[in-house]
Amino acid sequence: MTQLQISLLLTATISLLHLVVATPYEAYPIGKQYPPVARVNESFTFQISNDTYKSSVDKTAQITYNCFDLPSWLSFDSSSRTFSGEPSSDLLSDANTTLYFNVILEGTDSADSTSLNNTYQFVVTNRPSISLSSDFNLLALLKNYGYTNGKNALKLDPNEVFNVTFDRSMFTNEESIVSYYGRSQLYNAPLPNWLFFDSGELKFTGTAPVINSAIAPETSYSFVIIATDIEGFSAVEVEFELVIGAHQLTTSIQNSLIINVTDTGNVSYDLPLNYVYLDDDPISSDKLGSINLLDAPDWVALDNATISGSVPDELLGKNSNPANFSVSIYDTYGDVIYFNFEVVSTTDLFAISSLPNINATRGEWFSYYFLPSQFTDYVNTNVSLEFTNSSQDHDWVKFQSSNLTLAGEVPKNFDKLSLGLKANQGSQSQELYFNIIGMDSKITHSNHSANATSTRSSHHSTSTSSYTSSTYTAKISSTSAAATSSAPAALPAANKTSSHNKKAVAIACGVAIPLGVILVALICFLIFWRRRRENPDDENLPHAISGPDLNNPANKPNQENATPLNNPFDDDASSYDDTSIARRLAALNTLKLDNHSATESDISSVDEKRDSLSGMNTYNDQFQSQSKEELLAKPPVQPPESPFFDPQNRSSSVYMDSEPAVNKSWRYTGNLSPVSDIVRDSYGSQKTVDTEKLFDLEAPEKEKRTSRDVTMSSLDPWNSNISPSPVRKSVTPSPYNVTKHRNRHLQNIQDSQSGKNGITPTTMSTSSSDDFVPVKDGENFCWVHSMEPDRRPSKKRLVDFSNKSNVNVGQVKDIHGRIPEML
């Protein structure tokens with residue numbers, strides 16, 4: 001292969017890798033955006049998300065979209081990312097036919113000009129479309145679950161648990177619906193993590209997010225409920241909002257307000273601000289912010305909370321609808337509510353076309369309030385209640401026309417009651433029908449205008465009105481829907497009920513909180529009492545010797561400055577207990593086990609006092625010699641052959657020149673200071689003895705003689721004249737002989753240790769280990785003299801170290817040497 005071919009191959013490979021790495025990726029497929037169903041002879045519009053494709057090079061780069069293989073009736077606008085068109089009836093000849101077709105969506109990354117193509121599926125059908133029912137009123141539904149903003153939103157407190165349940169009857173062609181979806185409004189994105197949708201019950205449930213500021217304006221979240229007759233697509237959507245804020249600006253008005261003009265066309269209407277609430281109380285003038293007209297015609301004006309204007313003559317006429325508009329009302333925190341208005345010229349007495357059914361809880365007090373805004377001219381209208389079915393028991397319910405209140409005690413066996421609300425004005429009469437439906441006890445949602453919830457079902461009306469009003473409650477237009485609300489005269493009753501509820505809550509809190517505190521205190525006391533029973537007082541516990549301090553350098557005299565290694569003989573700290581060997585050996589620290597003269601007190605601490613007065617950290621081996629040869633004259637000490645070992649400073653774990661190391665307490669130093677005239681032996685000795693020597697006490701197999709005498713060290717600082725003892729013959733180690741020899745030796749020591757000042761020293765130098773041998777007599781050990789050394793193989797080794805450090809038990813694997821003899 002030539003160099004040119006290799007170069008071209010590498011270039012192609014690099015280009016391919018570049019395409020693989022830098023190609024835009026599919027972030028939000030069109031299939032998950034639930035595109036609408038295209039229906040013949042109906043307009044089709046669908047805007048895809050700008051996050052359908054994302055750049056893999058620059059996350060902020062915008063993707064440019066283009067579409068291919070579109071049918072003739074469908075077009076795509078790249079600038080707005082919108083599909084639009086209208087399929088003709090010729091496309092599908094048979095009834096109830098569905099046709100799927102594919103389109104190719106191309107996305108180009110503006111960062112590096114790379115592209116991504118994907119194929120997506122759309123559908124067109126000639127099935128009858130699904131739409132909203134004419135009597136559906138979104139505000140009337142949301143009012144059952146809390147306060148509203150007067151337009152299309154439910155107001156929530158931060159961290160409030162809520163649910164909103166929709167009714168299947170709000171859709172037409174209900175039998176053709178196969179699926180329901182709950183999504184976010186923008187591009188039908190998934191719901192946030194604090195909101196859930198149950199497609200079986202059409203219920204949104206969740207907990208409102210937290211607001212971190214008490215003065216921050218409210219935040220709106222838009223959602224949709226989608227109904228479809230083709231899986232994976234959308235047929236009709238109902239949009240609503242959840243508004244969360246630190247303060248709640250709400251209204252109890254749940255329908256469009258009707259302004260009925262006279263033949264002159266003059267308009268004058270005061271805004272019903274007494275139906276506006278801030279944090280559950282009627283809003284005061286100092287808390288009011290701006291008031292604005294929205295989508296109003298030029299001839300409508302707003303002045304000091306009053307709507308005024310004059311309808312043009314060409315718009316006047318019987319049952320005409322000259323204008324629809326809204327008014328936004330803000331508070332000082334930036335929260336907003338809306339009033340929706342319809343200007344009409346009509347002879348109708350009702351401003352609404354139907355009334356919803358009302359739920360009543362069996363065995364409880366029932367009350368419901370109608371709104372003056374439900375009438376076109378409430379001041380000049382007489383309102384009454386009629387019972388349409390005389391066979392039903394209706395004696396329990398009463399109607400007060402003065403405040404439009406319906407109230408009574410619901411019977412326990414109540415099922416249903418059919419009623420009609422009748423409006424009369426002169427010779428004109430109009431009536432709307434509704435039902436009161438009995439329900440079992442359940443938790444209801446309180447509001448400003450009613451203590452009972454309401455549901456929607458089929459409605460009937462005898463109204464002769466023929467006008468159609470547009471509402472602001474849904475994304476898809478529908479006819480004006482029914483609503484209920486309270487009258488101004490009913491406000492005192494509602495406030496009274498609210499005050500009663502607050503008192504009941506206060507009483508409940510006053511009882512429940514102290515009981516809760518007492519219960520918590522009792523639980524804490526029981527827990528404390530139980531722990532006290534499981535853990536008795538310290539004075540009842542047995543006194544135990546504390547465990548050894550593993551970090552105390554005195555416990556490791558040979559490991560100072562040593563290289564740390566993993567010690568195979570180390571014990572796990574968790575394994576220490578009161579019966580462990582380490583604790584038992586630690587108890588031996590209180591015994592005087594040093595190999596000193598028997599004349600010393602067993603609890604004497606004079607040695608330690610003298611050691612502490614010396615102020616030196618080293619000792620002289622001449623005071624601790626255990627071999628008679630050490631007491632004889634020696635030639636001057638030559639420098640050690642090994643740069644590491646010093647015969648004058650031997651460790652208890654090492655032999656030098658086949659000589660045993662001295663046995664010294666790790667608390668002992670040999671540089672003793674002069675004995676004071678006043679010496680107290682009242683302190684317990686803390687000296688210890690080597691554990692291996694302590695337990696290695698076996699009687700020799702046979703008695704041997706030696707010509708060496710038992711001699712006290714001539715280097716003792718308290719004895720300048722010590723005479724050698726006569727040679728003694730070995731005897732059978734009977735108790736009598738052992739005692740006799742021991743007493744004779746002690747007498748010789750006492751005779752030879754009289755100082756110039758007549759002071760008998762308390763501490764004597766250690767006798768030779770060649771002469772005294774422990775012999776077991778029954779359960780006790782006695783010391784006898786051995787005339788000849790009994791040499792046996794020792795387990796200790798003569799070692800060499802390259803690091804010139806002291807001996808560390810953890811370094812046993814690195815030690816090399818020979819095994820010497822041991823006395």
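Please read every residue number as a count from 1 along the shown chain.
Even glycines carry a Cβ here, placed using N, Cα and C.
Considering ASN266, ASN663, the record held by Swiss-Prot lists ASN266, annotated as N-linked glycosylation site. Screening ASN447, ASN561, ASN721 against Swiss-Prot annotations picks out ASN447 (annotated as N-linked glycosylation site). Swiss-Prot marks one residue of ASN260, ASN803 as N-linked glycosylation site, namely ASN260. Of the candidates ASN304, ASN671, Swiss-Prot marks one as N-linked glycosylation site, and that one is ASN304. Recorded residues ASN304 (N-linked glycosylation site) and ASN260 (N-linked glycosylation site) have their alpha carbons 21 Å apart, per Cα-Cα distance. The Cβ neighbour count for ASN50 (N-linked glycosylation site), using a 10 Å radius and every protein chain shown, is 14. Cα of ASN266 (N-linked glycosylation site) to Cα of ASN382 (N-linked glycosylation site): a span of 24 Å. Looking only at the glycosylation sites ASN41, ASN50, ASN163, ASN382, the one with its C-alpha closest to ASN359 (N-linked glycosylation site) is ASN163. A separation of roughly 29 Å, to the nearest angstrom, links the Cα atoms of ASN50 (N-linked glycosylation site) and ASN41 (N-linked glycosylation site).
Here the glycosylation sites are ASN266, ASN304, and the one whose Cβ sees the fewest other Cβ atoms within 10 Å is ASN304. Sequence-distant neighbours of ASN260 (N-linked glycosylation site) (same chain, 6+ apart, CB under 8 A from its CB) are VAL344, SER345, THR346, ASP348, ALA351, THR376, ASP377. Using Cα positions, the member of the glycosylation sites ASN41, ASN324, ASN382 nearest to ASN163 (N-linked glycosylation site) is identified as ASN324. Within 10 Å of the C-beta of ASN359 (N-linked glycosylation site) we count 19 further C-beta atoms, all protein chains included.
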